[in-house]
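Enquirer: One structure, as structure tokens, below. Some questions next.
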Amino acid sequence: MGALLRRREIRKVTSSWHGPLTYCAAAMAVVALVCGLGLVVDGRTLMGQSVWLKPAKFAVSFGMYAITLAWMIAQAGRWRRTLWWLGTVAVAGFVTPEIAAIAFQAARGVPSHFNFSTGLDATVFMIMGGAAYLGWLMTFAMGVFLVAQRRVDRAMAWAVPLGLVISLAGMSVGYLMTAPTPDQAAGLARGLSLTTIGAHSVGAPDGGAGMAVTGWETGSGDLRVAHFVGLHALQVIPLVAIGLRLAARRFPVLSGAATRTVLVIVAAFGYAGLTGLVLWQARRGQALLDPDALTLQAALGLGGLVAACAVLTLAVSARRVSARRVAAPVSGSRAAHGSAA
């Protein structure tokens with residue numbers, strides 16, 4: 001009986017979620033599973049990795065994007081119809097053509113990004129570029145309407161816009177990859193017809209030794225790191241707000257809405273700093289796992305600043321909680337004396 005009630009409650013909650021985005025997330029889960037099967041049964045590789053690894057990763061990322069926005073729209077009290085249309089356009093004009101193009105090129109066994117080998121390849125990449133622009137615009141527009149919502153939870157009221165802003169910045173890193181590399185620019189200036197224009201690597205050609213699963217370059221800078229980190233602020237920052245709210249049930253120091261709000265802002269600052277740090281590192285041609293002394297110093301400085309802000313916030317909150325505990329018995333004692341009198 002309890003399980004049935006829980007299922008009904010879940011169905012009641014999710015029924016208010018944005019339908020197309022929710023179905024899109026479910027479809028991306030199916031695509032990821034199919035691509036996972038391709039990883040096992042199809043031995044073809046591209047740049048040292050299975051041709052199905054990229055569509056599998058994009059399917060997971062798009063699924064997270066879709067379900068997060070579906071949940072955010074469900075929380076909206078105003079402009080629901082406008083948000084519904086914006087979310088629907090994002091599904092139809094961004095996610096669908098992007099994943100379709102990536103899977104299509106994977107099935108052909110050719111690169112989906114920066115590929116100008118043939119007219120078909122160039123057209124596919126241009127479609128992907130147009131879809132990405134549309135996706136950025138739709139996400140920005142949804143962000144505008146989501147930010148303007150009234151929310152009871154102050155921490156979440158800050159988490160949503162901050163997560164969206166950092167996520168949009170992370171999406172924008174993708175456009176840096178489409179610019180010709182210095183060698184490619186020189187070739188174009190000489191009138192050469194190039195098969196590849198753009199790159200995710202800095203300091204070496206794409207396709208070098210890469211990390212497991214992510215494929216991020218281990219011998220050069222990789223812009224995909226900042227792209228990934230920034231993009232998923234959309235999930236991380238709201239999850240921080242949710243985590244703090246749940247933790248507040250056990251830890252009185254987190255009971256104050258102001259404390260949780262400040263901690264969300266600190267977390268967003270740190271996450272934005274991390275995104276900027278890995279972008280700066282990649283732009284200087286450094287692999288994520290091979291930072292130089294300057295990068296390490298910057299990372300330590302950022303981590304120290306974030307930790308100091310968090311500790312200071314918790315210390316102030318702890319003093320307030322302690323002061324309230326001391327004041328409570330005094331107030332109770334005065335009330336008792338008043339009754340006796």
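Every residue, even glycine, has its Cβ placed from backbone N, Cα and C.
Residues or ranges marked as transmembrane segment by TrEMBL: 21-41, 56-74, 83-104, 124-148, 155-177, 225-248, 260-282, 294-316.
Surface or core, plus neighbours and distances: that's what I need for these features.
Expert: Cβ atoms under 8 Å from those of the transmembrane segment (124-148) belong to residues 69, 72-73, 76, 78-79, 82-83, 86-87, 89-90, 93-95, 97-98, 101-102, 104-105, 112-116, 160-161, 164-165, 167-168, 171-172, 174-175, 178 of the same chain, restricted to positions at least 6 beyond its ends.
Same-chain residues lying 6 or more positions outside the transmembrane segment (155-177) and placing a CB less than 8 Å from one of its CB atoms are 72, 113-114, 132, 135-136, 139-140, 142-143, 146-147, 149, 198-200, 223-224, 226-238, 240-242, 244-245, 257, 260-261, 263-265, 268, 271-272, 275, 279.
For the transmembrane segment (294-316), same-chain residues at least 6 beyond its ends with a Cβ under 8 Å from one of its own Cβ atoms are 253, 259, 262-263, 266-267, 269-270, 273-274, 277, 280-281, 284, 286.
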Enquirer: With a Cβ cut-off under 8 Å, give me the same-chain residues at least six positions beyond the ends of the transmembrane segment (21-41) that come close to it.
Expert: 14, 50-53, 55-56, 59-60, 62-64, 66-67, 69-70, 73, 87-88, 90-91, 95-96, 99, 103, 106
